[in-house]
Structure formats: structure tokens, C-alpha cells
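Taking it in order: structure first as C-alpha cells, then the write-up.
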Amino acid sequence: MSITGMLSPEARRQLTNAAYGQVISLLLVITSVFTRYLNDANASLPTFQTLFLYGGLTVTYLVYHVVAKRPRVDLPWWYWAILGLVDVEGNYCVVLAFRGLSNFAVMGLVVHMTIPFVTILSFLFLRRKYLPVHIIGCILAIAGCTLIFLATTQDGDYPDQVKSNLYALLGSLGYAVSNLLNEYAVKKGGIDANIECLGMIGIWGLVISIIQFYCLEYDQFKAVDWDGATIGYTFGYVLTMYVFYTVVSVFLRVTEALMFNLSMLTSDLYAALLIRWIFGNIVPTLYWPAWGLEVVGIVLYSLREPIQLRRDDPNWWLNKVWNAIALRLGLPIKMPVDSPALYIDTPTKKDSYVEQLA
């Protein structure tokens, strides 16, 4: 009997999830390596690098979705346009972060600010209620990111480090918005929603990338010496990113958030060691305490799922702010839009609704 045959179904599932996670980690590290090689060859063109990625997503996922006449997600065209835009700009900022003289080993930690950004945006727009453990996890992740900023200044061997960290921070914000929009779309359907979402990211990302490329990078593109090595690095980056998008889409359907977030952390560890080995970047002393803070923070964050509240009232968070003020001033409390009355002022109903606000 094989080793896997001796394991319980749950153990085999977790082993499969762990394998998926490590594949994702390695894909992230490989994209970093290809980006570094392109930067060293003076061929770092952030929009151009991702243009072919979006083209690949379009000709596979979108074409399949249309030809197979699969069910569509009921979302307007501008929703997909915004999703494509923030995804393009998130990738653009992260690739920009690898330009210049900076220590690439530390920038993966900065990108983990995606989690606090997602938490804030989900609270505001997806009406999620977060528990104290989530808040503590976010605080620790922010502390780790802050420690990295304090550890890297514009002095010494890496004069562009602060600028690179800021680009990575902007990229993490773009990824947070993209993840939020992606999640909202996918939750409206099954696997067909995943396929359509990847296809729509592809077509809108392709259109936006073509426009941005001609506006910002066309002159740089003509100046690049496109030899075999440079073309190979570009192809390697595009292929790795395409596989990454595909694997992540599958991975998030078969596993929980904890395994995914831990996979992102192991990619940082691989990146720090590999980039030191290949490129000779010195890992700062404060890298490991910062990494430890983010490990603890993300593990705490992932232990419990946030509570999904009803989304009947699109202005629920504004109403909640108003109600908090109204309670202190003795003013009537505003009800959600699906309630039979807009305002309540009787003690019994007020006490009942105040409990829901907590």
C-alpha cells in the first residue's frame, strides 16, 4: 500500500492543498527572478510584460466561455473594466518596484499589506464583520511592513529601496481591490464564474495594457536590445504569471484561506534565500523579525472566517456611523432599507436593533 493510501481523506486533501500552495510559492519566486533578469538587461517594461499575460487569458478563458456558451455572471461592463484596470496597475506597480537599486528580498513582505487593505475594503463594501483576532492579525502584519520600511533607508547599497517599497505598497493596494472585485464576481456563480472572471480580466487588461504601453513604454521598447535571452526572460515571466493566475483560481476553490496565506509566506522565504543565492542580495537583519510578525499576524487572521452580514442596504456603513452618533445624542436611529420603518424611536425596537449593530 502506498503512503498516500494509508492517509485519511482529510489528510490527503490537506497534503494536496499544501502541494498546490508550494507550487504557487515557487511560481511567485520565479516571476521575481525573471523580473530581476529583465531589469538587469534594461528591458524592464511593466506594462509590456503583462500585456501578453492578459492576451493569453483572453484567448483561452474568454474564448472558451463564449464558444461553450457557459452561464454568465450578471455584472455590468464597467465592473469588469474597473477590475481589469486595478489588476493591470497592481502588476505595473509591483514590476516597477523591481527597478533600480533595491533589495528585492524584502519587497515580498511589503506586498502582504494586501491583507489589511482587503480587510478595510471588505468591511466598507462587502459588509463583513471582523473579529478581534482579525484586527490583531492585521496590526501585526502592518507592524512587520513598518519594520521593513524602518530597516531599509536610501543610504548604503540600495538607494532606491524606499521608492521600491512604496511601489510594492501601491501594488498591494491594487491587488486588494482586484481580489475584492474578483471575489464578489466569483461568489455569484460556480466554476463558470471563475472562467468568465479570468477571461474578463484578460480582455479588459489587454485593452488597458495596449493603451498604456503606447502611452508610456513604446519609446523604451524600441530602445531595448531584444536578443534571445531577453525574449526568453519575457516569455518565462508571461508563462509563469499565466500558470499562477490559473493555479490560484483553482486553489482558492479547493482550500481555505489559511493555506493560501501561508503559501504566500513560504514564497517570501524562498525568495529571500534564492535571491541571495543568485543575485547576492544581503537579507537585512530586521527581515526575519518582520517576517515573523507577518507569519503570526497572517496565521491569526486566517484562523477564523469573518462574518458575512446581509447586504440589503448599500449604505449600511454610513448608516452605522449615523446610528452611533444618534445613540449618543438621543436622535432617532436609521433602519436598514429592507426594514418596514425607516426610523425607530421606541425603546424596545431600539434595543433590538442596537444589538444588531454591535
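From the backbone N, Cα and C atoms, a Cβ is placed for every residue, glycine too.
Those TrEMBL annotations? Automatic predictions, nothing curated.
Note that the structure is predicted; figures quoted are calculated from it, not measured.
The following features are taken from TrEMBL:
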{"type": "TRANSMEM", "residues": "20-39", "note": "transmembrane segment"}
{"type": "TRANSMEM", "residues": "51-68", "note": "transmembrane segment"}
{"type": "TRANSMEM", "residues": "77-98", "note": "transmembrane segment"}
{"type": "TRANSMEM", "residues": "104-126", "note": "transmembrane segment"}
{"type": "TRANSMEM", "residues": "133-152", "note": "transmembrane segment"}
{"type": "TRANSMEM", "residues": "164-181", "note": "transmembrane segment"}
{"type": "TRANSMEM", "residues": "193-214", "note": "transmembrane segment"}
{"type": "TRANSMEM", "residues": "234-252", "note": "transmembrane segment"}
{"type": "TRANSMEM", "residues": "259-279", "note": "transmembrane segment"}
{"type": "TRANSMEM", "residues": "285-303", "note": "transmembrane segment"}
Checklist entry - Same-chain Cβ contacts of the transmembrane segment (193-214) under 8 Å, 6 or more residues past its ends? => result 45, 47-48, 50-51, 53-66, 70, 72-73, 80-81, 83-85, 87-88, 92, 182, 185-187, 221, 245-246, 249, 253
Next on the checklist: Quick check for me: are there 3+ Cβ pairs below 8 Å between the transmembrane segment (51-68) and the transmembrane segment (234-252), leaving out pairs under 6 residues apart?
Outcome noted: yes
Checklist entry - Counting only pairs at least 6 apart in sequence, do the transmembrane segment (234-252) and the transmembrane segment (20-39) share 3+ Cβ pairs under 8 Å? => result yes
Next on the checklist: Can you tell me which recorded stretch out of 20-39, 77-98, 164-181, 285-303 has the most Cβ pairs within less than 8 Å of the transmembrane segment (133-152)?
Outcome noted: 285-303
